[in-house]
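Taken from TrEMBL as is:
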TRANSMEM  43-63  transmembrane segment
TRANSMEM  84-107  transmembrane segment
TRANSMEM  177-204  transmembrane segment
TRANSMEM  233-253  transmembrane segment
TRANSMEM  273-293  transmembrane segment
TRANSMEM  300-322  transmembrane segment
TRANSMEM  328-350  transmembrane segment
TRANSMEM  357-380  transmembrane segment
TRANSMEM  386-404  transmembrane segment
Amino acid sequence: MAVLDADEAAALLDEGAPAEEHGRPARKPLSACCDPEHLAHRLLVLALMCFLGFGSCFCYDNPAALQTQVQRDMKINTANFMQLYAWYSWPNVVIFAVGAICNTFWLMEFGRFVFGIGGESLAVAQNTYAVSWFKGKELNLVFGLQLSMARIGSTVNMNIMGWVYSRVQDLLGSAGYTTLGIALLIGGVTCIFSLVSALILGYLDKRAEKILCKEQKKTGEVIKLTDVKDFSLSLWLIFIICVCYYVAIFPFIGLGKVFFIEKFKFSSQEASAINSIVYVISAPMSPVFGLLVDKVGRNITWVLCAVVTTLVSHNMLAFTYWNPWVAMSLLGVSYSLLACALWPMVAFVVPEHQLGTAYGFMQSIQNLGLGVISIAAGMILDSRGYLILEIFFSACVCCKYLCLTWRKEYSHARPEYALGACFS
């Protein structure tokens with residue numbers, strides 16, 4: 001495990017430490033809400049971090065919320081539909097909507113690509129802000145709260161975009177690509193809310209640097225892309241675990257609405273509701289699991305529990321006709337638990353000056369996997385059906401389980417590669 005030097009280990013916002021201990025001149029006392037070192041100010045920053053991802057996550061699930069409308073109005077098959085998720089992951093909501101209005105599917109794909117450039121860079125920035133303002137075990141709760149707000153955005157999207165489409169259809173008097181485009185434009189307004197949060201957060205972060213004289217804290221380290229070659233085996237396995245898990249979640253949700261309609265004979269509204277249950281559960285449960293992991297520790301054990309629960313959920317959906325609310329609820333619980341336990345692990349295995357690079361690389365690898373698997377999932381569904389697709393998703397989760405158990409055994413055999421706090 002990489003070891004932080006003394007300067008890096010010093011928290012940016014350690015409360016109560018005298019200014020001289022941080023090697024900076026004494027400054028005038030500020031009110032609680034204006035002092036970057038005070039809890040009240042950090043809570044304000046945390047709220048802005050959470051709102052940062054609301055608009056992006058809302059718009060990310062536009063295709064899933066309007067799957068039947070997109071395929072019908074644009075006259076495309078499932079493989080083409082899943083390219084909307086793939087192009088997001090390859091890295092403008094407006095371009096995506098204009099593509100629908102102009103009946104130009106390639107423009108919709110390009111719009112998702114541009115949206116992905118912003119959305120995924122936003123996720124990296126959000127993670128980096130989190131580890132800059134909060135330290136140690138605080139991170140589990142912070143990541144849980146960020147995920148909670150993001151999933152609220154996804155849940156709202158899943159449950160209102162169909163209604164928005166219907167209202168636009170009533171207004172125009174017919175369905176079609178124009179109706180689809182206007183509905184997508186309306187959904188894109190949520191990104192303005194996140195933009196305002198981003199601008200305020202950027203200002204507060206810059207202000208904190210000046211007030212705390214952060215530039216005086218020299219670590220002697222420079223952020224370089226070549227840091228990648230110094231990443232430990234533990235970090236690379238975290239990357240692989242991340243990819244293998246999320247490719248079994250997001251592509252499934254993207255295709256889930258029609259799955260529930262065809263297999264369980266649900267109405268379109270019922271299918272949208274059950275497809276969003278993963279996000280509905282993760283919104284309130286993520287902070288709870290964040291606190292739990294904070295108190296107990298043992299991140300790897302929690303990740304292992306999440307993987308096993310996810311595998312059970314996918315097998316229930318694939319091989320039984322039990323009420324899918326049970327399986328999807330399990331999936332929501334496991335998804336929340338994994339996110340709270342997995343993402344903070346990065347901060348345990350890399351020096352602080354490499355965190356931005358590490359989170360960026362993790363996001364890139366995750367999205368490379370999502371891009372490839374989204375296309376593969378659409379092709380499998382068109383040619384083989386939902387049963388084979390569910391088996392495929394289960395196989396992805398099994399790969400993650402193997403990586404996780406091997407990592408745990410290898411860490412015990414080679415303590416120098418252990419994840420430290422993740423086991424304690």
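Each residue, glycine too, has its Cβ placed from N, Cα and C.
As the structure is a computational prediction, the values presented were derived from the model and not from experiment.
With a threshold of 8 Å between CB atoms, the same-chain residues lying at least 6 positions outside the transmembrane segment (43-63) that come near it are 33, 70, 81, 84-85, 88, 93, 96, 115, 118-119, 122-123, 125-126, 129-130, 133-134, 142, 145-146, 148-154, 156-158, 161, 184, 187-188, 190-195, 197-198, 200-201, 204-205, 253-254. For the transmembrane segment (273-293), the most Cβ-contacting stretch among 177-204, 233-253, 300-322, 328-350, 357-380 is 328-350 (pairs under 8 Å). Where the transmembrane segment (300-322) meets the stretches 233-253, 328-350, 357-380, 386-404, the count of C-beta pairs under 8 angstroms peaks at 328-350.
When the stretches 177-204, 233-253, 328-350, 357-380 are ranked by Cβ pairs under 8 Å to the transmembrane segment (386-404), first place goes to 233-253.
For the transmembrane segment (233-253), the residues of the chain that approach it from at least six positions outside its boundaries are 1, 61, 64, 82, 85, 275, 278, 303, 306-307, 310, 314, 331, 335, 338, 342, 345-346, 349-350, 358, 361-362, 365-366, 368-370, 373-374, 377, 393-394, 396-397, 399-400, 403-404, 406-407, 410-411, 417-419, judged by C-beta separation under 8 angstroms.
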